[in-house]
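See below for the structure under consideration.
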């Protein structure tokens, strides 16, 4: 947090306390500002810092921003460089009223919600077992979980496609749900292990002292404590499935069967270029995801790093 | 962590043995043999991992085996088993041994695609990592508006990738896209962002970097903030300058997170399907086609669909990734990582 300091914090400090270290920013900053002396950044460096971050922020925000702006333009002005001149919602009314968009949205929701629920539900116990017990077969299992996460879809897509074709599950949400479980389960189990690792073992022990067996400990004590972890894992598999393109494009054909990833491609492809509808649809897809992401991102980050690093 | 959990097994084992002893008989309570005691302990663990093992076996293991089998046959659209209406058609493809593999490996297409895939992966991961590290270091300082910068820079992470790719496609539009309009305003000729092989390669890498920086930034920022400030202060007291502190305190401090995110990011980039598929469809020609998109093209875009060759590509891709992971892990071990 406070490894470096800029002029703002240095000037804000009046009475540095030598006993205080990092946690209190003004005191820490002031103290180090004085110690550092020659290393102190001048206003020029501060400007450079802000300029760099501003450039990065603009580059990050511009494409989605431009998508939003374009979605409010009439179709004839899609590619004008100016901001909205003739504000219109016609793209949205067209997308919602005259295309299959709502069907696609519903298809996506069904597939993704089912995938998330099943994935998290199945994986939680495994995460716990791998986190708490040493048992024969644990290392191979861990390796399997890790390796299956890096399975390219290229190796599973053909056999899964043939399998679904044989079972008559192409163009069915069920087929896509089963397919997405191949992505969600290894990942969720691995993430849940990371979360359970952060819950002190002493809680398990106290549970056992009170006479609970390992299942009881897991179900009554640990799972409630792991709720944030469950939420984050669920959210992450939600987002992954929401944004999946390859399986969805290959398995779902026919306009009324598509999910959002496939549907968006029908607006703009090598044959048609309905950019207005595409932007409106894209905004409707992105806004809920971005909001949920904004709420969850802090936990997501903590979970991701703890899950990944404490392997 | 490993030590803690290891210790926790002992009380668990005792507890289990006692719990079961009550049900099965007094003998096992008094003197459980090592084997029985182990069984009693692991029974719980095995039961808990069973659902995942079954799921992995059925929906990953079986297709994997089938995929490997398909790669050894001449299966294509015309001869696989399928259901048309009420008619079930039997599979008629035949075992052809390693023919598909020899055909792929002796053809220059595979090596061309592999070369570009490696370039794409190395380019994307290194640029993403460097940008992420630079931005994380910048954001790790006290400055005004830090939270705003952070939110803005990680925004691309919050938007489904396929949506962002369409946004970029709009910006890249050669005739009317805003990037070329801006260049035009500056008197520069329109750039064929997605129309020229070299520019298309640069464009897809740029988009993938744009998508990947937020994850890197966030992971590295977390790692930077976890470095105890005492360490940096101690180094400073010892007279280390800013670069030396960065080199000898900060970098070692973020090593374990870095190695993990680089590994993850390499695998993701290697398998990155949507960016290339949606942005360029592998084009122009097949200049931006990476291994996974090419395998996809073989079985789903080309006509007739060539399932066997596509499966063989899939197997080769998996082998490459596993080789990479093994070497990466070994090199980390040599450097003293316990991972």
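Glycine is treated like the rest: Cβ placed from N, Cα and C.
In TrEMBL, the transmembrane segment annotation falls on B:43-65 of the listed ranges B:20-42, B:43-65. Range with TrEMBL annotation transmembrane segment, chosen from B:88-108, B:151-171, B:172-192, is B:151-171. Range annotated as transmembrane segment by TrEMBL, chosen from B:202-224, B:225-247: B:202-224.
In this chain, the transmembrane segment (B:43-65) lies out of contact with the transmembrane segment (B:261-279); the count of Cβ pairs under 8 Å, excluding pairs fewer than 6 apart in sequence, is fewer than 3.
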